[in-house]
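Copied from TrEMBL, the annotated features are:
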ACT_SITE  Glu259  active site, proton donor
ACT_SITE  Asp390  active site
ACT_SITE  Glu499  active site, proton donor
ACT_SITE  Glu524  active site
COMPBIAS  80-89  compositional bias 'Pro residues'
COMPBIAS  101-113  compositional bias 'Basic residues'
DISULFID  Cys453-Cys485  disulfide bond
REGION    74-140  region 'Disordered'
TRANSMEM  23-43  transmembrane segment
Amino acid sequence: MLMRKVPGFVPASPWGLRLPQKFLFLLFLSGLVTLCFGALFLLPHSSRLKRLFLAPRTQQPGLEVVAEIAGHAPAREQEPPPNPAPAAPAPGEDDLSSRVSPRRRKGGLRRTRPTGPREEATAARGNSIPASRPGDEGVPFRFDFNAFRSRLRHPVLGTRADESQEPQSRVRAQREKIKEMMQFAWQSYKRYAMGKNELRPLTKDGYEGNMFGGLSGATVIDSLDTLYLMELKEEFQEAKAWVEESFHLNVSGEASLFEVNIRYIGGLLSAFYLTGEEVFRIKAIRLGEKLLPAFNTPTGIPKGVVSFKSGSWGWATAGSSSILAEFGSLHLEFLHLTELSGNQVFAEKVRNIRKVLRKIEKPFGLYPNFLSPVSGNWVQHHVSVGGLGDSFYEYLIKSWLMSGKTDMEAKNMYYEALEAIETYLLNVSPGGLTYIAEWRGGILDHKMGHLACFSGGMIALGAEDAKEEKRAHYRELAAQITKTCHESYARSDTKLGPEAFWFNSGREAVATQLSESYYILRPEVVESYMYLWRQTHNPIYREWGWEVVLALEKYCRTEAGFSGIQDVYSSNPNHDNKQQSFFLAETLKYLYLLFSEDDLLSLEDWVFNTEAHPLPVNHSDSSSRAWGRY
């Protein structure tokens, strides 16, 4: 008792240490242990050590995706990739090279991957959800490419006809000519405008424009699947190398949601499904994430313009409007973004668009072209199956087909809309030409735009699944509309069709003013030829298609690429100095398919988005992530 009262006296510990010394020793030891464990998580290149202590994380689609497709094992950090990437990530890739090692071209030119700052994570992180399967917490998403390919009912590139058969010789020569046109268009672009959005063949330079928010290489992305299906292997590898090494997403402009979706995302998705090359899937998902802020509106109807810099959705006034063809032409691509990422947000966004359109009152069953994304009301009662409305209807029937004929909502919406179009817009001219007019609050404009000429192919495509008593009618209607569009070509001096043509004052299927007399290498007429050929095998469609080939060669081919013309009614027209990217994506592709066997990109296996990029039909027996149950 006395010892405890002596100031400064503390009994020794069993180790010969006084209590304050023991406390200091334990404090030092705990700090050392904390520092060691902290190093496992904070020091660079500690991923292997992390695996010893951390369970696998659920990974974000397009950011930390573990891929195992087409016979390629997931990239493992302890093993060097087949083609090591430079230490610094390319701009816009968010260090993509450390996660995915896409195969490089085996020959030809190689480009040095530029270095630069990492892309800021801008696109709607609040919209992203973990890419794991429901009920499989912590399991990273994988898309089984081999299983997908095994479900296709035809070879991707089809079977080849016996080349010894004499009747096939002319068709082969025609197909080879179209292939040569594609090769010439690509080589001209590569020589004078590689990496730019489009080629200007007269001035032999490139054109960027402001439609894509700073994204480049629209012609490259648009050309990928056409080069592949035409078996232009060297050119495809050139395009793929550019996507790997030079297609960056760290852009800050304002972009058209519609154009980026149908050209870039559609092109990347189809390139992935055709080849299994992981780089296309990853970039499609990353770009899709950058578009999600466009949907941040009171109704969920997206605005037409999205700012890549701010992540905003553009105009915020109640009087602004979204365009039917633009917000109605996202469904195909966004379902496949969900299918390839496991991220349901893409499918949810486009399903909400359907929900809004189902609820809103439609005048006489028609869909006007302008809708307020703020109020959810129609802004004008202008209805068109051409520009502003066209691909909305196309995506309804194609959603039904792409779902493996399970999306009953899309099917019902399509046939209801078609019935209203036939009732209120369909006309027959005094000369016997069937056409679809435009409707402005009950008053008809008796004209068709070139863009509306896709409708012959659309109606033919949907005829099989119509009510039995309507099938023959729809097939005949498709043929009549396609014939009318052919007449718009046949009645011009160049045998190419104008941007719009009228039926009034005794003039039929011709433009009435110079501002509508131009032709910009559009595909819609040959698109309908292709669908009608596959449905009927009537040789007239190949004859009409070949007339287009000859006209393109005579009036649109220049020394350095193809160009649109300013007046189809002039035998010596001036060129507009632009080789549109959709000329390579659509016009030449549809012409090539017109002169190919039906099992090349068979319509049993594929639907084409509105930029002619093939997307696969869902042949899965089980309910998939994207399609769900309708």
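Indices start at 1 and increase along the chain as displayed.
From the backbone N, Cα and C atoms, a Cβ is placed for every residue, glycine too.
Whatever TrEMBL says is automated annotation, not expert-curated.
Around Glu259 (active site, proton donor), the same-chain residues six or more apart in sequence whose CB sits under 8 Å from its CB are Met211, Phe212, listed in sequence order. Least crowded of the active-site residues (Asp390, Glu499, Glu524), judged by neighbouring Cβ atoms within 10 Å of its own Cβ: Glu499. Around Cys453 (disulfide bond), the same-chain residues at least 6 positions away in sequence with a Cβ under 8 Å from its Cβ are Ile481, Thr482, Cys485, Ser488, Gly497, Glu524, Val525, Glu527, Ser528.
In this structure, the C-alpha atom of Asp390 (active site) lies 14 angstrom from that of Glu499 (active site, proton donor). The number of other CB atoms found within 10 A of the CB of Cys485 (disulfide bond), across every protein chain shown, is 29.
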